Amino acid sequence: MKLKSIMSQCQFIIGATSIKSLPDFSIPEVALAGRSNVGKSSLINAITNNRKNARISSKPGCTRQINFYLINKGLMVLVDLPGYGYSKADRATVNSYICLMEYYLLNRKNLSKVVLLIDAKVGFKEIDLDFIRWLEVHQILYQLVLTKIDRVQSNVLDVIVSDVQNFNLNFIIYPIINVSSKCKQGIEELIYEIAQCIKK
């Protein structure tokens with residue numbers, strides 16, 4: 001099966017807003033996480049080659065539920081987690097979906113890995129490092145993806161990658177992938193890395 005065809009059939013299943021509404025799948029899941037406005041929705045549309053799959057907003061913090069997408073009629077599930085960081089929602093709402101996200105990550109037995117998106121324009125923020133530390137503490141596998149690389153020079157990317165190598169990380173999956181949803185750069189490599197969960 002060709003890489004692009006793996007992700008070409010993408011069906012939105014449910015937006016879970018509570019623990020009870022989380023769907024029960026036995027197939028592999030890959031979750032996309034990242035700071036608010038890091039480009040998760042754009043990336044989902046890029047890897048599925050459909051601009052309509054995930055709603056894109058210019059306002060950060062709009063995803064307030066866990067969105068589940070069935071890939072290729074049940075080959076796997078792509079999961080869009082709420083963005084952490086800035087949000088216009090009230091504190092109670094933010095705490096609610098953060099708790100839901102933590103519950104999902106800690107209890108999902110069919111979760112293959114978390115794809116953690118980092119905005120290459122700004123690099124690592126403290127909140128990104130806090131999330132990485134949280135994943136490490138709870139021994140959750142994750143892979144880093146640098147987004148919006150069309151807006152930065154290659155030497156900036158080199159610095160970010162160098163920073164990662166200086167961290168003491170035990171549950172990171174390499175390689176670090178550089179992507180641009182706008183230019184479609186790195187998309188095929190990312191699809192390949194996501195598809196590895198199918199082979200396990």
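From the backbone N, Cα and C atoms, a Cβ is placed for every residue, glycine too.
Taken from Swiss-Prot as is:
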BINDING   34-41, 61-65, 80-83, 147-150, 179-181  GTP binding site
BINDING   SER41, THR63  Mg(2+) binding site
DOMAIN    26-200  domain 'EngB-type G'
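Under the three-state DSSP scheme, SER41 (Mg(2+) binding site) falls in the helix class. Applying an 8 A CB threshold to same-chain residues 6+ apart, the list for GLY34 (GTP binding site) reads LYS40, GLY83, TYR84, LEU116, LEU117, ILE118, ASP119, ASP128, THR147. Counting Cβ atoms from all protein chains shown, LYS148 (GTP binding site) has 22 others lying within 10 Å of its own Cβ. Here the CA atom of SER41 (Mg(2+) binding site) lies 13 Å from the CA atom of LYS148 (GTP binding site). Around VAL179 (GTP binding site), taking its Cβ as the centre, 26 other Cβ atoms fall within 10 Å, counting all chains.
Counting in whole angstrom, PRO82 (GTP binding site) lies 10 from SER41 (Mg(2+) binding site) by their C-alpha atoms.
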